[in-house]
Structure formats: structure tokens, C-alpha cells
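Enquirer: I'd like to ask some things about the structure below.
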Amino acid sequence: MTFRDLLSVSFEGPRPDSSAGGSSAGGGGGSAGGAAPSEGPAVGGVPGGAGGGGGVVGAGSGEDNRSSAGEPGSAGAGGDVNGTAAVGGLVVSAQGVGVGVFLAAFILMAVAGNLLVILSVACNRHLQTVTNYFIVNLAVADLLLSATVLPFSATMEVLGFWAFGRAFCDVWAAVDVLCCTASILSLCTISVDRYVGVRHSLKYPAIMTERKAAAILALLWVVALVVSVGPLLGWKEPVPPDERFCGITEEAGYAVFSSVCSFYLPMAVIVVMYCRVYVVARSTTRSLEAGVKRERGKASEVVLRIHCRGAATGADGAHGMRSAKGHTFRSSLSVRLLKFSREKKAAKTLAIVVGVFVLCWFPFFFVLPLGSLFPQLKPSEGVFKVIFWLGYFNSCVNPLIYPCSSREFKRAFLRLLRCQCRRRRRRRPLWRVYGHHWRASTSGLRQDCAPSSGDAPPGAPLALTALPDPDPEPPGTPEMQAPVASRRKPPSAFREWRLLGPFRRPTTQLRAKVSSLSHKIRAGGAQRAEAACAQRSEVEAVSLGVPHEVAEGATCQAYELADYSNLRETDI
């Protein structure tokens with residue numbers, strides 16, 4: 001049974017009697033050719049020949065003239081190929097048409113899906129991250145496999161033999177190994193990248209730079225090239241005499257070498273990395289939810305963190321406020337939690353990709369070295385064909401996993417299908433990453449709790465910007481001129497960092513994070529305290545993930561905000 005038989009339509013057309021072909025096959029060999037069995041045995045994947053002077057294959061029976069390796073035998077001058085046409089004819093049976101239609105749809109789906117992944121990252125700046133560069137490399141390898149290898153493999157399945165010559169067969173087999181190895185190594189690289197992203201979420205941009213990513217990808221393709229050139233340099237089985245036979249080499253040494261380098265070592269790294277990702281994700285999630293996460297050592301990054309402290313306020317002479325006994329509510333909202341949740345979600349998405357990869361490729365890389373070392377354990381031809389194409393199926397299914405698991409890729413795919421390459425630019429300036437408008441809610445407050453004249457008026461925007469402060473504090477407000485650490489903070493004060501230097505145009509990711517935080521703050525500030533000024537929340541500090549030398553040059557200013565006392569650590 002062949003792969004074509006598994007996918008063929010139920011059709012049996014009349015076959016021409018080819019006994020004449022057997023009788024004309026070389027001097028004195030007609031009777032032997034006509035009496036030969038329908039399928040000669042194959043030794044080492046090379047089609048066997050029937051006995052007789054000129055009857056290389058028995059075409060007289062009218063059956064398919066194929067070896068156990070799925071390749072046609074060498075017919076005589078008047079013999080038939082696959083029992084449908086004379087030598088040189090490419091007439092395909094109905095079952096071949098069915099297989100061809102299925103494989104053509106398969107190849108087109110693989111090409112289109114991987115093109116969508118590449119164009120999605122190319123046309124959307126917010127997807128142009130180091131992790132997605134590795135995903136693009138995976139899509140490039142799968143695209144090369146789908147466009148340069150699979151069409152010839154499908155043609156060989158439909159025709160039943162290799163029709164492109166011996167030299168091109170060697171090149172085709174090498175490119176096949178190259179693309180498959182590059183695809184598998186890309187998944188290995190992605191798993192390491194995800195571990196670094198989850199384990200060191202804030203340090204990740206400094207650890208995994210674009211230059212390092214480019215070096216890793218270059219090394220990846222070099223390793224894939226080294227694995228694939230072995231057969232071209234002679235590390236393969238003896239060349240079969242029939243040029244219409246073409247397949248991957250099953251030489252025992254090379255089969256073991258390629259299986260270890262292309263699959264087993266990368267799979268071991270992938271499994272270890274994702275086990276570590278799971279352990280780190282579980283421990284970090286618990287510590288963040290419990291509010292006990294502490295920075296170890298001297299941090300080189302800043303954490304976007306808001307501390308909300310409940311305080312009872314009232315008339316207090318010159319300062320107009322005083323502290324009182326009561327419950328102190330303190331919550332820490334950190335971008336680390338938000339970024340970590342994004343990294344964990346990305347790790348889940350890529351874990352699905354890796355799981356599908358193992359299911360697709362493990363059967364092939366288990367059967368290949370096993371059959372090379374122990375020929376008696378080789379599976380049947382039909383089973384091997386299914387296993388062989390199951391590995392190719394991985395290149396088709398990878399692009400289907402992204403839109404199902406990643407909302408960003410799903411939106412990018414939809415925009416591409418609607419011929420919208422880029423998002424429309426927002427009208428507001430690109431440097432404005434956080435906006436929160438004052439609530440006109442001071443009418444019900446006592447005068448001693450209302451914002452002072454030195455604070456920003458209602459309706460004034462609160463924006464985290466990358467530009468210097470356009471409105472310097474008036475000289476008559478010594479509290480605003482005092483250092484941040486020494487002056488008393490007004491109730492419900494929000495300190496705004498204004499970044500300088502290289503952060504003049506913050507990234508889209510930072511805008512998205514702070515925008516999400518804005519929604520949480522607005523939701524938390526919707527509920528007012530029952531007694532006016534009885535319980536106020538103070539947004540004590542805001543800091544961002546930037547190096548210390550950049551943060552030292554940032555300016556700070558205080559504003560009155562609404563009550564945010566019901567914010568929790570897990571809100572973001």
C-alpha cells in the first residue's frame with residue numbers, strides 16, 4: 001500500500017494488456033518478463049528486477065510497476081509506467097489526480113499562511129520585537145520548504161517516480177534537510193527566548209538585543225547548512241542506477257547524526273526551557289499576587305509602580321491636613337506584573353506551537369534512524385509515507401496557531417486580509433503615552449480638602465511625556481520647588497515622570513501598558529469615599545523601566561487625583 005492508495009478515489013479503470021510490452025523487452029527476455037511478479041523486491045530502497053534477459057520488471061501482469069520504496073521499476077522499451085501509458089507518457093490515473101488536488105491545497109495553505117506571518121510583522125511596528133523576529137525566521141524556513149521542496153515531493157507522489165534527474169534530486173534532498181532543520185532550530189531558539197523573557201522580564205530588552213538576535217539566527221542557519229550538506233559531500237548510500245528513484249539517504253551514520261542534530265538535541269532544549277518557564281511562571285505569579293515580590297540586588301531598571309496609601313484628612317492649620325489612626329491601605333501596582341502576564345501568555349502560545357511540532361516530527365525522526373539501523377523494523381511503505389508528510393504538515397499548521405492563540409497576530413492577519421497594511425495614526429502626538437483627565441468632582445468636597453491653587457485645575461490633562469516640562473512651577477510655591485523626598489505630598493497626589501534623552505518617542509508597548517493602567521485607575525477611582533475626605537488615596541510614586549542615568553534626569557510634579565483606594569495588586 002502506498003501513500004497514493006491511502007488518499008485515492010475509488011476508481012478502477014481498464015488497464016491495457018501489457019503482455020506485449022513484456023515480450024518485447026530485450027532479446028530473449030519476453031517470457032521471463034511476462035511471468036515476472038508484479039512488484040519486484042527492493043534492496044536498500046532500490047527497485048528490484050525480475051528474472052529474465054530483458055525483463056527488468058514484470059509488466060506483463062498489468063499491475064502497478066512500483067517498488068516497495070514507492071518508485072517505479074525500470075521498464076523495457078515497450079513496457080508501461082504504472083500501467084497507464086507507455087514510457088515517456090505522463091498520463092495520471094484518477095487516484096493520482098485526487099492526491100494531487102489534496103497536496104496542492106496543502107502546499108498553497110502552507111505558503112499563504114507563512115506569508116501572512118511574515119507580512120504581519122513587516123507591516124506592523126508593534127509586532128517588530130525580537131521574539132517575533134524569531135517567529136519570522138521560523139516562517140521563512142517553512143516558506144522555503146513549502147515553495148521549493150513540497151511541490152517536487154507532491155509531483156513525485158502523483159507521478160509515482162522522480163522526473164527531474166539525479167543531480168537535482170541531490171539538491172532537493174539537501175534543501176529539504178536544510179529547511180526542516182532550520183525550522184526545528186527556530187522553535188528551539190524561540191523556547192530559549194521565551195524563558196529569558198519570563199525569567200528576566202524587565203531585563204529582557206538589555207539581554208536579547210536585535211544584534212544578538214541577528215547573530216543567533218545566523219548561527220542557526222550555519223548549523224542547518226552543516227547538517228544538510230553531508231549527502232552532497234558523499235555521506236550517503238550508493239547511488240541507485242535508476243534516476244527515477246529519489247529519496248532521503250538512509251545511510252545509518254548520517255541518519256543518526258541528522259536525527260540527533262536536527263531533532264533530539266533541539267527537542268531536549270525545548271522541553272527543558274518550557275519546564276523552566278512553567279516553574280518560573282508559577283512561582284512569580286504567586287509572589288506577585290501575594291504582594292511579596294522584592295527586587296534583589298541593585299536593579300538597573302525602574303519599575304512602574306503606584307503606591308496607594310489611605311489617609312484620614314481634615315483641617316490642620318497651615319498644612320490643612322493631618323494624619324489619624326485607621327486602616328492603612330497600601331497596594332503596589334507594577335508593570336512587572338502586566339509585562340509578566342504578557343510574557344506568560346506568549347509562552348503559552350509558543351508552547352502550543354512546540355507541542356504540535358513534537359507530534360508532527362517525532363514519528364519521522366524515530367522511524368528514520370530505527371529503520372536505518374534495523375532494516376527489519378522498517379514500517380510499511382504506506383505508513384512511512386504518512387509519517388513523512390506528517391513532518392511537512394508542521395510547516396502548514398504553524399501559521400494557523402498564531403491567530404488562534406495571539407490576539408495581536410489575529411488582528412494583523414485581519415488587517416492584511418482587508419488590505420490594511422498599517423494602522424491609522426492617532427491624532428494625538430506620538431510622545432504622549434499616558435493621559436488622564438481630572439474629574440470635576442471637587443464640588444462635594446470640603447474646602448480644606450479641595451485642590452489648592454498651586455495644583456492643576458480640573459480638566460487639565462495628566463500625561464506621561466518624553467518632553468521637558470513646558471510649564472515650570474511658579475517661583476512662589478516653595479513646596480513644589482523643594483526636593484521630592486523632602487516635601488510633603490498633598491492628599492491623593494500623583495507624581496508624573498517626564499522622561500528625557502533616548503525616550504523622546506516611547507515605544508508602542510509602553511503606551512499600551514500605561515493605557516491599560518489608566519483604565520484600571522479610572523475603574524478604581526469610580527467609587528468615592530462615603531465621608532468627604534475621610535479616606536483618601538495617595539498615588540505615592542511612579543517610576544518607569546529605564547536605566548538609572550536616564551531616571552536621574554527626570555523631573556517630577558504632583559497633581560490632585562480622585563480616590564483610588566480600591567486598587568489591588570492583581571488589577572493589572
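Cβ coordinates come from backbone N, Cα and C, glycine included.
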Enquirer: On the question of membrane sidedness, does Swiss-Prot assign ILE248 and LYS348 the same topological domain?
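Expert: Different domain labels for ILE248 and LYS348.
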Enquirer: Determine, from DSSP, whether CYS419 (S-palmitoyl cysteine) sits in helix, strand or coil.
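Expert: The three-state answer is coil.
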Enquirer: Restricting to the topological domain 'Cytoplasmic' (276-348), what is the model's mean pLDDT?
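Expert: It averages 51.
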Enquirer: May I ask for the residues of the chain that lie six or more residues beyond the transmembrane segment (252-275) and have a Cβ under 8 Å from a Cβ within it?
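Expert: Cβ under 8 Å, 6 or more out: 177, 180-181, 184-185, 187-188, 191-192, 194-195, 223-224, 227, 230-231, 235-236, 347, 351, 354, 358, 361-362, 365, 368-369, 372-373.
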